[in-house]
Amino acid sequence: MSSSSDKLFNRDRTIHEILGGGIVADVMLWRKKNVSVGIVTVTIASWMVFEAFAYTIFTLISSVLLLLLSILFLWSKSASILNRPSPPLPEFQISEAMAEEASIWLRIHVNKLLQVSHDIAMARDSELYTKVAVSLFLLSLIGSLMDFQTLCHTSVLVVMTVPAFYERYEDYIVGSIEFICNKTRELYLRLEIWANPENKKLS
């Protein structure tokens, strides 16, 4: 692992700490390999299903739910006829506390979004407007190159591979970036000397 002075952007925290340092970071960095392999496998398999059978996300969800409900329905019917126990299904209910907590979370984030939109519309923050405009432009550009399903699958694969790859080969990546930056700086200086030969004479 690189020392803190050699890390990209001179950061002091590790990749694991930047990603939150919890279970999500462990999964993204393949420290829980079974979970990571499962996520990547499901992502690739679902993408192949979507592409091979021309499924949409709604078609897949509807088909899975229909199959699941049919199995449970037939199981319950046969259990009542054959005097067998019914399928052990818990009762799914949303408690009042969960609903209240979700509504508070949603209200806070919607209010933040509305406040940001208001500040941009009133031209109060030019930097924020630039960031939002660039982000929306990039999203529009990406959306024109691929559909939503492909974007979701690609995003999951990127999230599951890039951080782990960077953490494992950080020394090589940082060294390559520094090499490219140095070569770019040398090229810039040569072009500057070529464009302004009087600077070379003065030096």
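Heads up, the Cβ atoms here are built off N, Cα and C, so glycines get one too.
Quantities reported herein were computed from a predicted structural model and do not represent experimental measurements.
Per Swiss-Prot, the features are:
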{"type": "DOMAIN", "residues": "24-203", "note": "domain 'Reticulon'"}
{"type": "TRANSMEM", "residues": "34-54", "note": "transmembrane segment"}
{"type": "TRANSMEM", "residues": "55-75", "note": "transmembrane segment"}
{"type": "TRANSMEM", "residues": "132-152", "note": "transmembrane segment"}
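Away from its own ends, the transmembrane segment (34-54) comes close to residues 27-28, 60, 149-150, 153, 156-157, 160, 164 of its chain (Cβ-Cβ under 8 Å, at least six residues beyond either end).
Beyond the ends of the transmembrane segment (132-152), by six or more residues, the same chain brings 47, 50, 56-57, 116, 120 to within a C-beta distance below 8 angstroms of the stretch.
A Cβ distance under 8 Å defines the sequence-distant neighbours of the transmembrane segment (55-75), meaning residues of its chain 6+ beyond its ends; these are 46, 49, 86-87, 89, 149. Per-residue pLDDT, averaged along the domain 'Reticulon' (24-203), amounts to 85 for this model.
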